[in-house]
Amino acid sequence: MNRYTTMRQLGDGTYGSVLMGKSNESGELVAIKRMKRKFYSWDECMNLREVKSLKKLNHANVIKLKEVIRENDHLYFIFEYMKENLYQLMKDRNKLFPESVIRNIMYQILQGLAFIHKHGFFHRDMKPENLLCMGPELVKIADFGLARELRSQPPYTDYVSTRWYRAPEVLLRSSVYSSPIDVWAVGSIMAELYMLRPLFPGTSEVDEIFKICQVLGTPKKSDWPEGYQLASSMNFRFPQCVPINLKTLIPNASNEAIQLMTEMLNWDPKKRPTASQALKHPYFQVGQVLGPSSNHLESKQSLNKQLQPLESKPSLVEVEPKPLPDIIDQVVGQPQPKTSQQPLQPIQPPQNLSVQQPPKQQSQEKPPQTLFPSIVKNMPTKPNGTLSHKSGRRRWGQTIFKSGDSWEELEDYDFGASHSKKPSMGVFKEKRKKDSPFRLPEPVPSGSNHSTGENKSLPAVTSLKSDSELSTAPTSKQYYLKQSRYLPGVNPKKVSLIASGKEINPHTWSNQLFPKSLGPVGAELAFKRSNAGNLGSYATYNQSGYIPSFLKKEVQSAGQRIHLAPLNATASEYTWNTKTGRGQFSGRTYNPTAKNLNIVNRAQPIPSVHGRTDWVAKYGGHR
């Protein structure tokens, strides 16, 4: 006890006195209950079966038993401190409580009581003095479970108020009683909250029974046979009384409140509702948010700055947590719904939103789309090399975006962005300081020929500058030269396009443009400036004949043939990486003597000897 400093006495109860104390270590205010009975060993203390369990009970409407101390044969219980009890709260009132306040108080009492009963305890001494509170917003049950073990036989005059809340079976000296006696006490306390005076203010045990009979009426033997047996064993005869309607005594109570009190104040303990059942009564099924308000935290802190933080408040009404904003709300204004992200997935224009089908349906009804960006059929060549928004190389290379922090915006719009490509942003940011081809887009005027009518609905965040401004910049050319996979001796400007005179459908690359494919669905393709009109926006942009590096495959020993990746290849075969290096993309090897290969012929690689790779033949002759 030398760890606590006693400050003043708070009260003197039946079984001990309560002192206000302060922890010397933390400065926290506590309530110290010093038991009147002496305990000469710890075994006697531990024989109080509640002592161990009470320390484990933790509920927002139950006073926490912090510590049990035995010193000089005296037993001390250290509780958390509350500034007042419900009796003081009612005594200081000069007008009746609103029913909403009473409902809130009652709900908290029943919440704590249901918790106690659930863990095998019942209070045995429920009364307003044992309901500690911080105003009407927070109520906690105190001193439960101690009464039975610490019960002495004091004169009833020592603590008169306890009698007013005793159940009839206790008054009739029943040897078997349980948690229903607490429910009876709660019903009496509820009536007192409405009236601000006790419902059964008996002056003795016999008078208490008379007071109960005056309100509830004389019980019938058929209604409570056990009660008549108890009365006969005490040579007691119930007075003959006519019941009084509780509504007459408590006019300010609602019909639901009268019904709940009538059920809890039943002569037969078996017919009383449990605390859990009482919580489900229609009296509590209202729109009111029950439970302690947030203000009680501030009031408790203002009372004692060092006071221990309150335990979590009870969820008296199962308040449904506010759901996270729907993903639909987050993508409002986006050109298309976000699907499962796949690397290098073609982007559909916003106008195709109404006819866009799920991926499974596309695979059933249409050939697999190419990894190239969507190309509009018969798109006319733009003057001055300007592009529509469907230029693919910008998306794949991620070289244009609105601002440095708009990466998430681009990902939300699903402009070819995938999780596997995010690391490339760090590489881009490092290179921007030296030779940055990136330029922030400017808003496109409504009357500009920058885009056709079909992509006018695109958000301003996707507005891009014309290609002529980007492709002619020296830094851009240097950057793309570094990023591309040009090989010595291969001039991509001299290659031609296969089937250049055929019409292009963005969904039928595999069967209209390339009747004879080298792979299962794919084909090879080379670009030239002379073919710009035939290939629409992509070839117009690709003036240098550059083939995007992620669509290349190096074939045979020295990359002598440049092939496009198979159109049906899985995305996992093409790991996104902006750094240049050889052997980056692995895939099947194609026959270099196949038809329709209008690429500069090179010498065939020297076959390996005995399964070993001839590195000189592979690299030495071309580097």
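Positions of Cβ are set from backbone N, Cα and C atoms, glycine also.
Taken from Swiss-Prot, the feature ATP binding site covers Leu10, Gly11, Asp12, Gly13, Thr14, Tyr15, Gly16, Ser17, Val18, Lys33, and the record attributes it to sequence analysis. Of all the Cβ atoms in the protein chains shown, 21 others lie within 10 Å of the Cβ of Gly16 (ATP binding site).
Reduced to three states, the DSSP call for Asp125 (active site, proton acceptor) is coil. According to Swiss-Prot, the active site, proton acceptor annotation covers Asp125.
Residues or ranges marked as phosphotyrosine by Swiss-Prot: Tyr159.
The annotation region 'Disordered' is assigned in Swiss-Prot to 328-396 (among others).
According to Swiss-Prot, the compositional bias 'Low complexity' annotation covers 356-369.
Look at Swiss-Prot and you will find 416-469 (among others) tagged as region 'Disordered'.
The annotation compositional bias 'Polar residues' is assigned in Swiss-Prot to 446-455.
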Protein Cβ atoms within 10 Å of Leu10 (ATP binding site), excluding its own: 19
Neighbour-count leader, CB within 10 A, recorded positions: Asp12, Val18, Asp125: Asp125
Alpha-carbon spacing, Gly16 (ATP binding site) to Asp125 (active site, proton acceptor), which is rounded to whole Å: 14
Alpha-carbon distance [Asp125 (active site, proton acceptor); Val18 (ATP binding site)] in Å: 16
